[in-house]
C-alpha cells in the first residue's frame, strides 16, 4: 500500500522563503555589477532548489508484507516491519533522520536504537496497515 507524504504550510514556506532570498540576492548582484561571475552561484542555488522540489514531489512510503519502503528525493531505504517495536503517533522529531515534509507525523522505532520520522497523509491508516502485518508493535501517543 502506497502512502504519499503529508505536506504542511511550513514546507512550502521554507521553500518560498529560500527562493525569494535567492532571487533577491541575484537581482541585487545584477543591479550592482551585472552578471559576471554571479552566474555560478545562481546555477548552484538553482540546482539546490530543484533537488528540494524533487524531494517534495517524490516523498512517499510503501507498506509491503515485509518492509516499509521510504523515498524522499534521492534518499530511499527500507525497514523490516518485524524489527519495529514502537510507533510514536502525532509527535515531531527535530533531530535524526526525517524523510518527511510535515509535523505531527510518526516516529518509528526499530532494531535496538534506530528511529526514523515519517509523515504519511493519514497517520491512522498507515498505522493500521503496519499493525495488520505486525500486531505486536506498541503505539504511543505523546
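Just so it is clear, glycine is given a Cβ too, placed from its N, Cα and C backbone atoms.
For the ranges 43-63, 64-84, the feature annotated in TrEMBL as transmembrane segment maps to 43-63.
Same-chain residues lying 6 or more positions outside the transmembrane segment (43-63) and placing a CB less than 8 Å from one of its CB atoms are 1-5, 7, 11, 15, 18-19, 22, 69-75, 81, 99-101, 118, 120, 126, 129-130, 133. Residues of the domain 'Uncharacterized protein YyaB-like PH' (59-134) grouped by DSSP class, helix first, strand second and coil last, total 14 helix, 36 strand, 26 coil. Mean per-residue pLDDT, taken over the domain 'Uncharacterized protein YyaB-like PH' (59-134), amounts to 92.
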